[in-house]
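Each remark here refers to the structure printed beneath this line.
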Amino acid sequence: VFVGLNKIFKWAPYWFILSTFIGFGLPGIIAASAQVLAVVLGLESFKWLAMALLIIIGLVLSLGKTVYGVMERITKTIIFIGLPIIFILALTLADGTDWLKLSEGIIGLGEGYQFLPMGIVIGTFFGAFAYSGAGGNLNLTQSIYIKEKGYGMGKYAQKITGLFRNKEAKKIRLSGEEFELSEQNINRFKVWWKRINLEHFLVFWLLGFVAMCLLMILAYTTTFGLESNAEGINFVINEGLAIGRALWPVIGTLFLFLVAVMLFQTQLGVLDSTSRVMSENFAIEKSDYTGEVEVNLSKLYHIFLWSQIAFGISLFLFNIYEPKSLIVLGAVINAFAMFIHIG
């Protein structure tokens with residue numbers, strides 16, 4: 001994707017590096033994770049905890065054999081543990097009326113409104129819209145992960161390894177590899193194309209849709225209409241407390257811990273994806289007219305990774321760590337960035 005855009009717009013690599021760093025460098029997600037985790041641990045302040053979590057993310061992505069292998073194992077573990085827990089909570093707490101309200105909400109029917117409720121902040125709405133998928137420039141990273149996983153011609157691509165695993169620059173062809181247009185190879189391509197689309201549908205569309213529906217009905221069942229409702233991540237904290245009151249306090253604490261872990265994994269995935277986007281675009285900018293360049297993608301990846309972590313820690317040190325403000329600002333920037341490559 002990035003190679004093709006570079007052929008059309010020579011300034012594209014600079015734009016993708018800048019907009020990705022600014023849009024996703026704002027550490028709102030990890031700040032939210034730290035705030036929830038602070039409630040679980042009984043801590044009053046979460047600023048230093050957020051900084052520690054950022055450093056842990058850097059170490060997780062730096063010390064493994066291959067970055068993709070680490071990411072895949074962590075993501076699978078969280079999905080297969082977290083989703084069933086949320087499903088059980090939803091089944092336990094929601095009644096028939098709640099499920100009916102969910103079905104109405106899916107088609108845009110609210111209580112006294114359609115699609116958008118009165119008084120909703122447009123910036124917040126567009127932020128949620130931008131983050132409903134990967135968001136921003138991360139919409140373009142699927143091809144990178146297909147290549148990294150070794151699907152099809154991705155077998156010949158340079159893989160991102162741990163910080164201390166691969167120290168040599170290698171000559172790579174970012175424009176891809178050519179293959180003979182035989183009937184056998186074309187059939188292989190069709191099988192490859194079918195499989196990656198099926199995986200994308202199952203993992204991103206289906207699991208994502210189910211997870212969002214379960215979280216929506218859980219929020220509606222536990223906190224809708226409560227006078228003590230709050231905004232931002234405090235709403236989720238109230239939800240956990242409500243679950244604890246409805247069942248047992250330990251269940252509410254477990255839910256909040258799960259939320260903190262999921263937010264941590266989200267920030268982990270974001271920093272991994274953004275570092276890939278920026279390192280590949282940097283390499284593209286340095287490549288020759290054939291698309292070849294001698295570069296250590298892993299080294300570039302870790303430079304961008306730790307630069308983002310340092311940027312996030314700097315914001316925290318300047319006491320800029322309110323999760324909602326950081327997330328909404330980043331979402332607005334990423335919505336604009338997404339408009340650029342879509343429009």
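Each residue, glycine too, has its Cβ placed from N, Cα and C.
Here's what TrEMBL has on this protein:
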TRANSMEM  12-41  transmembrane segment
TRANSMEM  48-68  transmembrane segment
TRANSMEM  74-94  transmembrane segment
TRANSMEM  115-134  transmembrane segment
TRANSMEM  202-226  transmembrane segment
TRANSMEM  246-264  transmembrane segment
TRANSMEM  300-318  transmembrane segment
TRANSMEM  325-342  transmembrane segment
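The transmembrane segment (12-41) is in contact with the transmembrane segment (325-342), judged by 3+ CB-CB distances under 8 Å for residue pairs 6 or more apart in sequence. The transmembrane segment (202-226) makes contact with the transmembrane segment (74-94), as judged by at least three Cβ pairs under 8 Å among residues 6 or more apart in sequence. Proximity of distant same-chain residues to the transmembrane segment (48-68), defined by a Cβ-Cβ separation under 8 Å and at least 6 residues beyond the stretch ends, is recorded for 27, 30-31, 33-35, 37-38, 41, 74, 145, 148-149, 159-165, 264, 267-268, 271-272, 275, 298, 301-302, 305-306, 309, 312-313, 316-317, 321.
Tertiary proximity for the transmembrane segment (74-94) is limited to same-chain residues at least six positions away from its ends with a CB under 8 Å from its CB atoms, namely 60, 207, 210-211, 214-215, 217-218, 220-222, 243, 246-247, 251, 254-255, 258, 261-262, 265, 268-269.
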